[in-house]
């Protein structure tokens, strides 16, 4: 006799079928961040979701962050992390630690997790094959915690000039999942620290990704940060710009939202902000009618 659980599984598979067909052979950019980077269960769930996307015919691409781990490593080495207005100041010594943590630790851990769940992946950084060419930001206007606007030099912090997508295309065409550390390279061969959200959005646009998925520690875009029920399910880019202008979207959510806006306005079909703390959030967003996060479209 077939039990209810088996019926439920069949219903889930049938609901997923239209989306599997629609996104077959499409590139899906996933930005690993927040809880999905530090909690063992969340990391495992995210890796399984990513591998499943590959096995049902999609082409997942991963970009990861690593801010908290960088700060922890700096503390262990006796170097105090320095932030101005929430932005990391990256001197030469800090840059060496950033490279060590992003490429040598986090990237390899993600590749190992994907491999454990049956995924073929290759770890690279934005420096490889000049994937992400960048230049130093130089003097940057930063709003200090006391409200004062300062012009500061953040050191080896870069802005993206161009993305050369050939390496990513070569990997996805050969059935690998690229796992990308958010580093860039300048004209003099210097390594630059880049914002991981921005890297994910820029590469997603360049490779004509169907979706950009940003994993965070919030359910989605909230009109009231203290009320999960205020989450917006679907929103257009012009409406999002108004929410930023009106001060409804603030703080660390602004760069994530701006990344989604830029990606969608530059060729990505939809962008999604999801709660990486929720098991299988990627699958629930892609393969169900209503999803579980916020979807951004033009």
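Every residue, even glycine, has its Cβ placed from backbone N, Cα and C.
Copied over from Swiss-Prot, here are the features:
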{"type": "SITE", "residues": "31", "note": "site 'Transition state stabilizer'"}
{"type": "BINDING", "residues": "66, 67, 88, 193", "note": "substrate binding site"}
{"type": "SITE", "residues": "256", "note": "site 'Transition state stabilizer'"}
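In this structure, residue 67 (substrate binding site) is part of a helix by DSSP. Report note: the substrate site is defined by 66, 67, 88, 193, and the residues of the same chain whose CB lies within 8 Å of the CB centroid of those residues, excluding them, are 65, 70, 71, 90, 98, 102, 182, 196.
For residue 256 (site 'Transition state stabilizer'), the nearest of the recorded positions 31, 66, 67 in terms of C-alpha separation is 31. Taking Cβ-Cβ distances under 8 Å and a sequence gap of 6 or more within the same chain, the neighbours of residue 66 (substrate binding site) are 37, 98, 101, 102, 106, 181, 182, 196.
Reduced to three states, the DSSP call for residue 31 (site 'Transition state stabilizer') is strand. In this structure the alpha carbons, written CA, of residue 67 (substrate binding site) and residue 31 (site 'Transition state stabilizer') are 13 Å apart. The binding residues for substrate are recorded as 66, 67, 88, 193; their greatest pairwise CA distance is 12 Å. Most Cβ neighbours within 10 Å, among the recorded positions 31, 88, 256: 31 holds that distinction in the structure as shown. Distance from the CA of residue 88 (substrate binding site) to the CA of residue 31 (site 'Transition state stabilizer') is 19 Å.
Contacts of residue 193 (substrate binding site) defined by a Cβ separation under 8 A and a same-chain sequence distance of 6+ are given as 88, 90, 95, 98, 156, 157, 158, 182, 183, in order along the sequence.
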